[in-house]
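First comes the structure, then the notes that go with it.
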Amino acid sequence: MTGKNGAIKLVAGNSNPALAQGIAAHLGQQLTKAVVRRFADMEIFVEIQENVRGADVFVIQSTSFPANDHLMELLIIMDALRRASARRITAVIPYFGYARQDRKPGPRAPISAKLVANLITRAGADRVMTLDLHAGQIQGFFDIPTDNLYASPLMVRDIKERELENVMVVSPDVGGVARARGLAKRINAPLAIVDKRRERPGESEVMNVIGEVAGHTCVLVDDIVDSGGTLVNAADALLKQGAKAVYAYISHGVLSGGAVERIGKSRLKELVITDSIQPTSAVLATPNIRILSIASLIGEAIERTASEESVSSLFD
């Protein structure tokens, strides 16, 4: 497959090989042969085993847990491609780690998302493609073109296919209202908000519900589920206020610590996440967690980028 910037090549790191294979299948291509392995001392070694000179290369690598290892893999892969004379390198980062460190929370604190953006650029990326950034302004941290894709079209289609009755979209916190409002508008549903206070990192306490949720099927919408505490507490609060059932549609299933068990035992009817982060066996074995694949979405965005067509029109 050839685009306007040379032959299209897909290179995958170790963070999400299943998604990379899905993207390649959508494009009707094979992944470029590459070795990404560890030395005995756990240093990362990369060898690109095909000619990429003059190629338009897309490196598929989420910087999910273990974030530092996967970030270093991405940087070293891009350095290898740059030294192998690839014409253009696009870092395809479905889940952008460190995105929650997008500002200084206090004195003498770093802005780690900006540092990561600098590292990716210096390593050789000519452009970046990612999905549902935690903070949209992170696009401005890069001095190269950056496409922030959205999972909302997949979620909208899935919600409509489920034929849920009397749906109300709910933001699990005030910060996510814009995201929830956008999805509510797409499905012509009302909006509610869960007001919460976070006592300490990784824990959250739901305070009250803003909106009349009684009799509605509530759909919680957010970009990241980490500990799962916010979702579980929000579901309890909504059901206490008379909601018929509570679903959650979340872009990135970080699901750290005991999150999977917490979700499995919760009153959530279903948690729907994308495969931006490769799901663990525990996630796949949990009955009320379901995966939506973003392979076709990213594949289409790659195809449009390679042919110099509009990517934003995917979301019109």
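Quick reminder: no glycine exception, Cβ is built from N, Cα and C everywhere.
Heads up, TrEMBL stuff is auto-annotated, nobody curated it.
Positions annotated as domain 'Ribose-phosphate pyrophosphokinase N-terminal' by TrEMBL: 8-124. Among the features that TrEMBL reports, ATP binding site is placed at D41, M42, E43, R100, Q101. The active site feature in TrEMBL is assigned to K196. Annotation comment: TrEMBL describes R198, D222, D226, S227, G228, G229, T230 as D-ribose 5-phosphate binding site.
Sequence features annotated in TrEMBL and their locations in the structure.
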residue	record	DSSP class
D41	ATP binding site	coil
R100	ATP binding site	coil
K196	active site	strand
D222	D-ribose 5-phosphate binding site	strand
G229	D-ribose 5-phosphate binding site	helix
TODO: Can you figure out which of M42, E43, Q101, K196 (the recorded positions) comes closest in space to D222 (D-ribose 5-phosphate binding site), comparing Cα atoms?
DONE: K196
TODO: Report the nearest neighbour of D41 (ATP binding site) in space among the recorded positions K196, D226, G228, G229, T230, comparing Cα positions.
DONE: D226
Task: Minimum Cα separation from S227 (D-ribose 5-phosphate binding site), reported as the residue among binding-site residues M42, R100, Q101 that achieves it - done: R100
Open item on the list: Using a 10 Å radius around each Cβ and all protein chains in view, which of these binding-site residues has the most neighbours: D41, E43, D226?
Closed with: D226
- [ ] Quick one: of G228, G229, which of the binding-site residues has the smallest count of other CB atoms within 10 A?
- [x] G229
Task: Spatially closest candidate among M42, E43, R100, D226, the listed binding-site residues, to the residue listed as 'active site' (Cα to Cα) - done: D226
Task: Between D226 (D-ribose 5-phosphate binding site) and R100 (ATP binding site), the C-alpha gap once rounded to whole angstrom - done: 11
- [ ] Taking Cα atoms as reference points, rank the binding-site residues G228, G229, T230 by distance from M42 (ATP binding site) and give the first.
- [x] G228
Open item on the list: By the count of other Cβ atoms within 10 Å, pick out the sparsest of the binding-site residues Q101, T230.
Closed with: Q101
Open item on the list: What's the number of neighbouring CB atoms sitting within 10 A of the CB on M42 (ATP binding site)?
Closed with: 7
Open item on the list: Rounded to a whole angstrom, what is the C-alpha distance between R100 (ATP binding site) and G229 (D-ribose 5-phosphate binding site)?
Closed with: 17
Task: Counts of helix, strand and coil residues, the domain 'Ribose-phosphate pyrophosphokinase N-terminal' (8-124), according to DSSP - done: 40 helix, 26 strand, 51 coil
Open item on the list: I'm trying to understand the geometry here, so how far is the Cα atom of G228 (D-ribose 5-phosphate binding site) from the Cα atom of Q101 (ATP binding site), in Å to the nearest whole number?
Closed with: 19
